[in-house]
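Encoded as structure tokens, the structure appears first; notes follow it.
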Amino acid sequence: MASIRRTLSQVYQDRSYQNGVASAQAHKLFSTNNNSGKYSSLTSTSAVAAASVYLRRKGFRRSFYRCTIFFILGLLLGIFPFGQVDNDINKHDFSFEMKPPHVNVQLDTKDNFAFAAVSLGVEKTTPQLDRFSRFDYVERKQVIVITPTYNRALQAYFLNRLGQVLRLVQPPLLWIVVEMTSASAETAEILRKTGVMYRHLVCVNKNNTNVKDRGVHQRNAGLEHIERHRLDGVVYFADDDNVYSLQLFESLRNISHFGTWPVAMLAQSKNKAIVEGPVCNASQVIGWHTNEKSRRLRRFHVDMSGFAFNSTILWDPKRWNRPFSNPIRQLDTVKEGFQETTFIEQVVEDESQMESVPPSCSRILNWHLHLDAHGLVYPRGWLLQKNLEVVQPIK
């Protein structure tokens, strides 16, 4: 009982606990009856529980503080690495190339026929390649083709044929198709299906009463479009009813100023072919294929599809030292057949400024056949003069 009295001394009664309950209860119990064993047992149990709660809370705080300190220390060590890191990783250190084993085939035959080592591995490419050689890029001059067209029986056939030829030409190529009065839905559909970069224009000329001059106004509409938008390239007038070689369009890119070549033409009587165009010596033009009557009337004897020129002549006269800045256009005031020579006179002064295409004018690259069909309805249908249905009996 002495130890119990020592526990209930004034010093221990005044000690405060975390929950503030155990001290009050112990003081009350022991002050009521100090000789009761029941109260002494409850008091000791409450004191132990309060002490354990205090130690448990104190240990949790200590663990939390330690974890926080170690976390901050690890974060600082990760942000500020010690030593030097080698960033130069050679290509041979990591290889993702699949190299299957070599296959050696040996066949013992009477003729001693044998295969050497056959390698199925992927060839290693050079890591540093020029960007142009990697994509097979070749800088090419743009070809600008102006084609006047109008509604007639063979229009769809002519446009499709020319469009398929232009589709095979290496880009860049711009096809400017010009119609009169309005743009037809049939022509627009044909142009979309060709896969060629094109511009569909409409030439509106209320004063155009002569049907023969419609091609002149349509070409002028294309020239005005090039001049307004300052398109850079080689301009070529390609009617849809002519026949063209693919080599012709590739040769146009070599023209720096003005180029010309001979054109094979089917005569109006369609019983003979004639050649109209330049006579060349290497890359120089030294004469013309023509007859006596035409030579006295025309300065340059070229077909409309037999020449091409640099588009900058239209919108940059200072580059070519042109004395006048008037727009270069075809003239509808001259007779039919003279539009070519009057137009060329605005572009060049004489044959010394011309280039032959191809060199020496050694090949015919396009034909003018005059194969237009008359009296046929387009686009509603065809007019057949004879019945082509034949019934063949079975024997």
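Just so you know, glycine gets a Cβ as well, placed from its N, Cα and C.
Residues or ranges marked as active site, proton donor/acceptor in TrEMBL: Glu340. Contacts of Glu340 (active site, proton donor/acceptor) defined by a Cβ separation under 8 A and a same-chain sequence distance of 6+ are given as Phe300, Val302, Asp303, Met304, Gly306, Phe307, in order along the sequence.
If you look up TrEMBL, you'll see Asp241 marked as Mn(2+) binding site. Just so you know, the Cβ of Asp241 (Mn(2+) binding site) picks up 21 other Cβ atoms within 10 Å once every protein chain is counted.
According to TrEMBL, the site 'Interaction with galactose moiety of substrate glycoprotein' annotation covers Glu276. Summarising the environment of Glu276 (site 'Interaction with galactose moiety of substrate glycoprotein'), the number of other Cβ atoms within 10 Å of its Cβ, over all protein chains shown, is 19.
Sequence annotations record features per position, and here TrEMBL assigns transmembrane segment to 64-83.
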